[in-house]
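Contents: one structure, followed by commentary.
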């Protein structure tokens, strides 16, 4: 093979390499309804971040230190989790690897859902449900106390486009993306998927506890 041909193949190879997706440089998450985020999480708290620092968290398979961001927090209320208050939250150092950035100083309150690490610690990623507390609707805030838990045996199925259907009675169809082009639409803000007496699940709207008539009804 001549030098010109080798150069062309090398240039083509570099061009193709440059067009490949760089999965390691991006964080991708599937949208979930706030109730799903609650049910999937080990810990759900209302808290403020007091301080942050970078810490070592062991080594990778090559012996290189693994860095994480440690947030010292002030827990205001625990909606789900261990008996011991959460004192520290850990996350990756960059959003490219799903790390979360919280405002520190103790002024901004968050709803934080994530995975327990034991001994007053938890881990969070961009795929967890972490939002400023004051952006939640009244219904969402009240649902954190009991309502969301009532539907953790239900399945919320996101509808990406019409037509879409449920495949079993214990599903609720989440339509926000179709109707509002947003995952933070009406159903996310004002509805919870509740399991009823007959084992089926249905959307329930409002901040008040579901009445017995709703739980006993056979059809949505």
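Keep in mind that glycine also has a Cβ here, set from the backbone N, Cα and C atoms.
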Next item on the list: Please find, within the list 23-26, 27-30, 31-34, 35-38, the residue stretch that Swiss-Prot describes as region 'Involved in metalloproteinase-binding'.
Entry: 27-30
Next item on the list: Express the distance between the Cα positions of residue 154 (disulfide bond) and residue 61 (site 'Involved in metalloproteinase-binding') as a whole number of Å.
Entry: 39
Item checked: Residues satisfying Cβ distance under 8 Å from residue 159 (disulfide bond), sequence separation of at least 6 -> 173, 174, 175, 177, 178
Next item on the list: Based on Cβ atoms within 10 Å, give me the single least packed residue among the recorded positions 39, 61.
Entry: 61
Margin query: When you rank 40, 152, 164, 193 by Cα distance to residue 127 (disulfide bond), which of the recorded positions ends up on top as the closest?
Written below: 40
